[in-house]
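What Swiss-Prot records for this protein:
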type	residues	note
ZN_FING	4-120	zinc finger
BINDING	C6, H8, C94, C97	Zn(2+) 1 binding site
BINDING	C46, C49, C67, H71	Zn(2+) 2 binding site
BINDING	C59, C62, H75, H81	Zn(2+) 3 binding site
ACT_SITE	C167	active site, nucleophile
ACT_SITE	H450	active site, proton acceptor
Amino acid sequence: MSETGCRHYQSYVKEHSYDTFRVIDAYFAACVNRDARERKAIHCNCFECGSYGIQLYACLHCIYFGCRGAHITSHLRSKKHNVALELSHGTLYCYACRDFIYDARSREYALINRKLEAKDLQKSIGWVPWVPTTKETNLLLANARRRLVRPNQTIGLRGLLNLGATCFMNCIVQALVHTPLLSDYFMSDRHDCGSKSSHKCLVCEVSRLFQEFYSGSRSPLSLHRLLHLIWNHAKHLAGYEQQDAHEFFIATLDVLHRHCVKAKAEHESKSNSSGSGSGTNSSNSSSSHCYGQCNCIIDQIFTGMLQSDVVCQACNGVSTTYDPFWDISLDLGETTTHGGVTPKTLIDCLERYTRAEHLGSAAKIKCSTCKSYQESTKQFSLRTLPSVVSFHLKRFEHSALIDRKISSFIQFPVEFDMTPFMSEKKNAYGDFRFSLYAVVNHVGTIDTGHYTAYVRHQKDTWVKCDDHVITMASLKQVLDSEGYLLFYHKNVLEYE
């Protein structure tokens with residue numbers, strides 16, 4: 001790999017120098033002064049369709065602006081021009097390579113322009129160019145050719161050894177490893193433990209597991225270290241008897257959440273120790289699940305907000321409370337109202353979950369509006385949704401009379417819209433469509449059985465994970481399965 005990373009850009013610079021890049025970056029990407037900002041607002045639009053906004057490109061060979069996709073691509077192809085500048089972030093694109101490219105000299109000029117922009121706006125610079133380390137440079141030199149993961153490749157698929165009734169753990173790990181946002185986080189090496197005893201950190205162990213899954217090896221993995229860590233931090237799961245997969249899932253999220261918060265607190269404590277000496281004590285917050293106060297990767301992906309509205313039947317006064325959730329547990333048994341109907345689909349379950357429930361005379365509560373004890377109704381709705389929604393179908397029923405497993409078939413969709421279940425349906429902002437990517441199943445009775453999982457490996461490829469055995473599966477097999485835990489990923493992510 002050359003210093004520029006692209007021989008086409010190297011040829012361009014020899015012929016045209018950096019002058020055009022410096023001008024376009026200064027006036028249409030960085031906008032170094034007020035005149036540049038006004039010029040961009042007036043003239044920076046696609047020459048073909050006239051669109052403004054993000055994802056506009058400027059051809060560095062001639063005076064042409066085109067939007068991402070057909071227009072800039074058509075221009076570069078027809079004119080036999082190779083290099084364009086993306087104007088939102090100032091990144092170089094080579095049409096011949098079909099990729100964004102890096103050039104050290106261009107980055108130096110771009111940084112100068114960003115400093116001028118920051119000075120003109122009287123703000124700190126919020127953009128820093130990527131400068132590869134020696135290690136990264138060597139990796140790039142050794143891997144100059146791009147590697148494509150094709151649909152028929154099995155990278156990311158690993159069987160998991162059953163250590164003695166640990167199928168409940170294996171299927172949850174398969175679901176977590178195939179959670180796209182979680183995979184992006186751990187595969188980009190975002191976790192920095194900062195602890196002297198990283199061998200006790202569950203986040204470090206999960207990070208190592210992700211690396212193992214995507215190492216290219218096909219031999220089954222042993223999760224003995226993960227199991228040991230869970231036993232140490234969730235004592236109720238310790239032992240070799242069969243455990244509940246849902247309980248293990250929630251316990252794993254809780255321990256990961258606590259360890260993420262602890263790692264952050266230790267970093268802050270180290271930085272504060274060199275200042276005023278007043279360290280940060282987060283021992284209490286590390287064990288709490290505080291929605292809106294924690295930005296760890298677990299809460300960013302899995303935490304949503306449940307809204308509960310209690311309506312007084314006397315004065316119609318409404319008392320609203322909010323609670324964070326990591327999953328939604330749905331009843332499958334017969335209802336005591338509506339003719340004792342049992343749900344047939346996931347939508348039926350959600351409709352029953354969000355239906356107003358009359359609390360009755362035996363459960364009167366004091367109304368904060370009329371200041372008296374009155375009968376009331378209670379209704380759940382979803383205030384906010386996480387990036388990943390996990391549904392727990394409550395198939396194991398425990399009562400004073402009988403313990404049983406509900407094996408009735410519940411139809412669940414590949415994709416569906418959660419808007420009808422939001423607290424503010426009419427004013428709900430955003431896209432609430434979700435796609436199925438993992439299903440955990442239980443085969444057997446309430447006393448004994450076996451867990452397996454279906455996971456989406458590629459866009460249209462599903463596999464069945466049965467401990468150390470991984471086999472291809474059809475979508476029909478997935479949708480025909482019983483379903484115990486259902487994992488859905490949001491189709492469109494909003495970034496703040």
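We number each residue from 1, going along the chain as drawn.
Backbone N, Cα and C atoms are what each Cβ position is placed from, and that goes for glycine too.
Where Swiss-Prot records a feature, it is marked here on the structure.
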| residue | record | contacts (Cβ under 8 Å, 6+ apart) |
| --- | --- | --- |
| C6 | Zn(2+) 1 binding site | L92, C94, C97, I101, Y102, D103 |
| H8 | Zn(2+) 1 binding site | N82, V83, C94, A96, C97 |
| C59 | Zn(2+) 3 binding site | F65, G66, I72, H75, L76, K79, H81, V83, A84 |
| C62 | Zn(2+) 3 binding site | K79, H81 |
| H71 | Zn(2+) 2 binding site | C46, F47, E48, C49 |
| H450 | active site, proton acceptor | C167, H442, V443, G444 |
Those residues of the chain, 6+ apart, with a Cβ under 8 Å from that of C67 (Zn(2+) 2 binding site): C46, E48, C49, S51, Q55, L56, Y57
Given the binding-site residues H75, H81, which one's Cβ is surrounded by the fewest other Cβ atoms within 10 Å? H81
Per 10 Å Cβ neighbour count, which of the recorded positions C49, C94, C97, C167 ranks highest? C167
Over the zinc finger (4-120), what is the model's average pLDDT? 84
Based on DSSP, tally up the residues of the zinc finger (4-120) by helix, strand and coil. 59 helix, 18 strand, 40 coil
If the Zn(2+) 3 site is taken as the center of the Cβ atoms of C59, C62, H75, H81, which further residues of that chain fall within 8 Å of it by their Cβ? L60, H61, Y64, G66, L76, K79, A84
Other residues, Cβ within 8 Å of C46, C49, C67, H71 Cβ centroid (Zn(2+) 2 site): N45, F47, E48, G50, S51, L56, F65, G66, G69, A70, I72
